[in-house]
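K.L.:
Annotation comment: TrEMBL describes 31-278 as domain 'G-protein coupled receptors family 1 profile'. According to TrEMBL, the transmembrane segment annotation covers 12-39, 51-76, 82-103, 131-160, 180-204, 225-245, 257-280.
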Amino acid sequence: MTNFFAYTDMGLLNYLCFMLLMCFYLLVICSNLFLMVVICMNRSLQEPMYMFLLSLLVSELYGSTGLLPFLLVQILSDLHTVAAPLCFLQIFCIYMYTGVEFFNLTVMSYDRYVAICDPLRYRSRMTPQKAAVLISASWFSCFLLGVALISLTLCGSFINKLYCDAYLVVKLSCSDTTGLNIYELIATFSTIIGTLVSILYTYMKIFLVCSSGSQQTRQKAVSTCLPPHLASILNFSIGASFEILQSRFDVNNMPNVLRIFLSLYFLMVPPLVSPLMYGLKMSKIRFVLKCSSSRKQLMDLMR
C-alpha cells in the first residue's frame with residue numbers, strides 16, 4: 001500500500017472541495033466529448049489537422065481521468081492509501097498522457113508548417129493515412145516508455161504527494177534504481193527537449209514565411225490553429241516543467257497551496273482549456289457549430 005501525507009483534514013470543506021472537483025471533472029468530460037463528437041460527425045472536419053486535434057482531446061480526457069476520479073475518492077477517505085498496482089497504473093496513465101501530449105503538439109506544429117510553408121504539396125505530404133500513422137506511433141511509443149516504470153517492488157510506503165508520482169515512487173523501490181532513474185531522466189528530457197526543439201523550428205519557419213509573405217498567407221496562419229496551438233504549447237510546457245522541477249528539488253519552503261496547485265496544473269488545466277480554445281478560435285469548427293445551430297433553428301420553425 002502507498003500512503004499519501006500531502007492530504008489534510010479540512011472537516012466540512014472536504015465536501016465542498018469534492019463538489020467543486022466533481023463539477024470541474026464533469027466540465028472537462030463534457031467539453032472534450034462535445035468537440036470530439038463535432039469532429040467525428042462532420043465530414044468537412046475529416047482532415048489531418050482535426051485528426052491531430054482529436055488525438056489531443058482524447059489524450060487530455062485520458063490524462064484527467066487518470067487523476068481526477070482518484071482525487072475524488074481520496075478527498076472523502078479517512079485513510080489516504082492506494083494499492084501498489086493501482087499506484088503503478090496511475091503512474092503509467094500520467095506518464096503516457098504527458099508523452100502523448102508533447103507528441104501531439106509536435107505533429108500539430110508540423111502539420112501547420114507543411115500547410116503554410118508548402119501549401120501546394122500539403123495534400124500529398126499530409127494525408128489522413130499519414131496522420132493516422134503519426135498518431136498511432138505517438139501513442140504506441142509512449143505506451144512502451146510507460147511500461148518500464150511499472151515493474152518495481154516497493155519497500156517504502158509514504159510519499160508527500162496528492163497522487164502517485166513516478167520519481168517519488170521509484171525512490172521507494174527495494175532494489176537499486178540507478179538504471180531506472182537514468183532511463184527516466186533520458187526519456188523525460190529527450191521527449192521534452194526533442195519535441196520543443198521541433199516545435200520551435202517549425203514555428204521559426206512559419207513566422208519567416210508569414211513575415212515575408214502576403215496578407216493572405218498571414219491571414220491563413222491566424223485563421224487556422226496557430227493561436228490556440230501556441231497557447232496549448234505554453235500552457236502544457238510550463239505546467240509540466242513546474243511538476244518536473246518540484247518533484248526533483250526540495251520545495252518544502254514553498255506554500256502548501258501553491259505546491260499543490262503547481263503539481264496539479266498540467267493535469268487539470270490543459271484538459272479544460274484546450275477544447276474551449278480550439279472550439280472558439282478555429283474558424284472551421286465555429287462555422288460547423290453555427291451551421292448546426294442554424295439547421296436546428298430551421299427545423300424548429302418548420303415544426
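Including glycine, each Cβ sits where the backbone N, Cα and C put it.
Provide an account of the burial state, proximal residues and distances for the features listed.
P.N.:
Beyond its flanks by at least six residues, the transmembrane segment (12-39) meets 45, 50, 53-54, 57-58, 60-61, 64, 68-69, 71-72, 75-76, 268, 271-272, 274-276, 278-279, 285, 288-289, 292 of its own chain at Cβ-Cβ distances under 8 Å.
Cβ atoms under 8 Å from those of the transmembrane segment (82-103) belong to residues 1-2, 4, 55-56, 59-60, 62-63, 65-67, 70, 74, 138-139, 141-143, 145-147, 149-150, 152, 154, 163-166, 169, 191-192, 195-196, 236, 240, 266-267, 270 of the same chain, restricted to positions at least 6 beyond its ends.
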K.L.:
Count, for each of 180-204, 225-245, 257-280, the Cβ pairs lying under 8 Å from the transmembrane segment (51-76), and report the range with the highest count.
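P.N.:
Comparing 180-204, 225-245, 257-280 against the transmembrane segment (51-76), the winner is 257-280.
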